[in-house]
Amino acid sequence: MKILEQKIQKDGRILGADVLKVDSFLNHQIDPELMQAIGLEFAALFANEKIDKILTVESSGIAPAVFAGLALHVPVVFARKNKSLTLPENVWTADVYSFTKQTTNHIMIDHRFLSANENVLIIDDFLANGQAAEGLLKIINAAEANVVGVGIVIEKTFQKGRQILDEHGVRVESLARIKSFENGQVIFL
Ligand code: 5GP
């Protein structure tokens, strides 16, 4: 997606060897016009699929997921990151190791918001090592719902997320695919 790549080139900041900061338009401040274009792009990519619901993880997945939900006219559910030790009842849960924060989050979705046989599209901001998407897949399986595909705003192809999702046999669509960071520059695939 050209305008997304241009935005990443202009405003993205590379941190260390493998992290891209995009907090000026996606992860802290949000660019609504870009998010709207992203939502329309996901809707076009998955136009031939039957989608009942979008799932994402708080908080950075919510903006692109809501705009995709708006374009597809379906509700959006975000998995909450549970910080307390006691789990509420009637929730689907998964453990997700966060690559950027180096901690494990327990994510959860209330049974009321995900039912058997629902067709679910996963949306997230980044695909790095695939842990967040895999956690959502686990929850979708537990709920006996169906996964339609995974829509990613920014994929880093040098990490193993794509391979993990391929092993699950899931369709993955990424709007920007980063091959490497070289001399402070983002190189797209
Ligand atoms: P994964 O579970 O695929 O390893 O990583 C997905 C999550 O980690 C994303 O939802 C995102 O919040 C965070 N993440 C992974 N890599 C990056 C990155 O390079 N930059 C930012 N800002 N977040 C990242």
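Glycine too: its Cβ is placed from the backbone N, Cα and C atoms.
The candidate list Lys138, Lys156, Lys160 contains one residue that TrEMBL assigns to the xanthine site with Leu20, Asn27, namely Lys156. Of all residue pairs in the xanthine-binding list (Leu20, Asn27, Lys156), the one with the greatest Cα separation is 16 Å apart. Residues near Asn129 (5-phospho-alpha-D-ribose 1-diphosphate binding site) in space but far in sequence (CB under 8 A, at least 6 apart, same chain), listed by position: Tyr97, Phe99, Gln159, Lys160, Gly161, Ile164. Each of Val96, Tyr97, Phe99, Leu127, Ala133, Glu134, Gln159, Lys160, Gly161, Ile164 belongs to the same chain as Ala128, Asn129, Gly130, Gln131, Ala132, is absent from that list, and has a C-beta within 8 angstroms of the C-beta centroid marking the 5-phospho-alpha-D-ribose 1-diphosphate site. Sorting each residue of the domain 'Phosphoribosyltransferase' (47-157) by its DSSP state yields 26 helix, 48 strand, 37 coil. Neighbours of the xanthine site: apart from Leu20, Asn27, Lys156, residues of the same chain with C-beta atoms within 8 angstroms of the site's C-beta centroid are Gly12, Val19, Lys21, Val22, Asp125, Phe126, Ala128, Ile154, Ile178. In this structure, the C-alpha atom of Gln131 (5-phospho-alpha-D-ribose 1-diphosphate binding site) lies 18 angstrom from that of Asn27 (xanthine binding site).
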